[in-house]
């Protein structure tokens, strides 16, 4: 007789294989059709809000793995918060102005920026930006990131630009905006000034030269045979030399070498001698730096003097202690030059070419001038040593080319005006990780004024007019409001399409000379001012929340968006625009190396999704400790895919065994559940509580491990394995079977909600198969908190069950050895004789019911005496594993002594015979 039809085997249409690359887009189409994002907002609209404000990616190129890491982390938080009692809108944004798009247009279309009409060029830039917004939007949505994708914020939109103008206006009104001649980072490759945040450091090979400036007037201290020795790595700045700086308190020695006299700082004689190749150095005289102030030296190739001046910036870190000072090419040089009224000489133009203020070197690119200048020094006998070395040097973060210091007139935001307020505001922000506070505070404490002007056209113009008669800059509430209103109506392009007199408010006249003829500023704002104004242009403009609950970006944004947003927030409103800041590390390859095409180690998110699915990539993000740099490779992703498979299989097993289960009518009351069932519910409640805490602390790798371990260890390898007999063999409506189904149902509901923020596609796929749920999506439910009744049971019974599981693990070792020795085939063919070696083990076993079920064997005997010689000695217990007595039941496959005692079903045990006769008579007739 075929008894297989009398078994309640798992049955579900939930597929074993995820087929995520094809199934996820279908799921996303359903979400879009149902407008699930709006449904979530409508459901939670009366709850307290949690606003994670999106830092805008740049609208250029495809998204990379760093983008994926960032957006997925944000999505984890937003999805969790919306299931945890909060109204959590998410408005994605894009940063759209700036040099990279200008450069992309110039390169792609072969344009000469200077020969094309400005608004035509800007229109091409805008079209380019929108094309990549559309592309990146699709790529972010494919990651499963939920948000208001149809209404993002974009820095080129008129309403955004208008808000940015108002932020600028407020800062100007408070006196924080000024125009000044300063030494700033200048990028010849971009032809514009740059801010600190636009600088990155890379290794560069540079010349290292020691040069002698001959004393022309020693002021009674130094004779004219003495050479003052300077050291520089930028020979091209020597045409701009106007002085030599000494530290007032340092000691300087006149030394004699090979018949020549030189001045060098006492603390650097040894190092300089080694570098230059001096031997037999004789000290002739010693002076304090302040004694030599006013001594004049002769410039090594121009007919002018370079005086010795005093500066606190001089150190003994390198060189000679006599510092070549070119106020046009260094911040310290500029500052000390102002003190001594040296003037500013900057003989390098916007392209990095030497001007006619550097006679003999006109037209040379500054780096090419190095060689010619060095040869000139050698010819004049001023070059003491030339060598080359590699050092860390500032580069333009966009073009990757070196930058220089160049004195130019620029617009600045005076950080000194609100530095103290910023440092105070930082203390009121929650920093994750905690070291973020110190990192940003140090940057704020040390930073100079913010250069906010750029000599480009694709950006938001600086809204300032100048009187044509007296050159007075005009900026006030009237002009700012007028320009902001114009931009809101027509966009910033209006600034470039109209003359200044068409842009000014009606009736405007110069406050200084009463003239009413104006010109307009031609510079645009730093793009960090664009994105740094987003708290105003998005959060306040849309009435969402201010300050935001969280900013979340890569750790490079301490000098970027975190910094610029803090600057504008504090300057305008006196406080930080965020309550908390979370930063993550960078994505590296499997060996911890930076990804690069040359190494062939680049992981492309789109390729991962096409091959494995977005939920695999998301699970990888959940698995890593993102606060440090994270690793990703094909091998790592394959490991993650295996974890996913185990989680999915757990879901499938639970669903399969809930076939025919109606939670409304088939649930077993908690009081009627067995102790094992209550123990597993207690474990599930603890997992829910631990997971909620981990989500609240943004510890997603803790969520990952908690869920994975619960699926694999507590369920698959323990409870579900033990329950198979109950589920398949017991009567369909029996208390034991329904009890197991009740536990499985509750575990399934809890698990699918706990993973929903991490694996939204899979969670909603599972949700569609769960019996008795009313909501269309798991996204429209709340997170489990951990049932208090279950948690209180955990407190009572956990130590007992943990002790038993430790014993069980030991006994399973003996069973595995017996299986290898062919004592039995399946565990239900075996019986156990257990010999506790301690009182604790004996008590634990005595307190357990149904030991045979718990060990998944035919029979268990616990003995109090000594273990026989053949027993396997284990930790705290000895065990004898042997073949069970009796016959193998054809239906339940367990070896039992009562098999064959029922004539009508001679191949069954009594239990199975009863079940068949009472519930499956129609099947076996």
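Positions of Cβ are set from backbone N, Cα and C atoms, glycine also.
When Swiss-Prot is compared with the stretches 46-56, 57-67, 68-78, the one noted as motif ''HIGH' region' is 57-67. The range from 584-588, 589-593, 594-598, 599-603 that Swiss-Prot describes as motif ''KMSKS' region' is residues 594-598. The sparsest Cβ neighbourhood within 10 Å, among the listed binding-site residues (889, 892, 909, 912), is found at 892.
Rounded to a whole value, the Cα-Cα separation of residue 892 (Zn(2+) binding site) and residue 553 (L-isoleucyl-5'-AMP binding site) is 56 Å. Neighbour list (residue 597 (ATP binding site), Cβ cut-off 8 Å, at least 6 residues apart, same chain): empty. Residue 909 (Zn(2+) binding site) sits 64 Å from residue 553 (L-isoleucyl-5'-AMP binding site), taking the CA atoms of both as reference points. Sequence-distant neighbours of residue 553 (L-isoleucyl-5'-AMP binding site) (same chain, six or more apart, CB under 8 Å from its CB) are 55, 70, 560, 561, 562, 583, 584, listed in sequence order. DSSP assigns residue 912 (Zn(2+) binding site) to a helix. Look at residue 892 (Zn(2+) binding site): DSSP puts it in coil. Taken through DSSP, the motif ''KMSKS' region' (594-598) splits into 0 helix, 0 strand, 5 coil.
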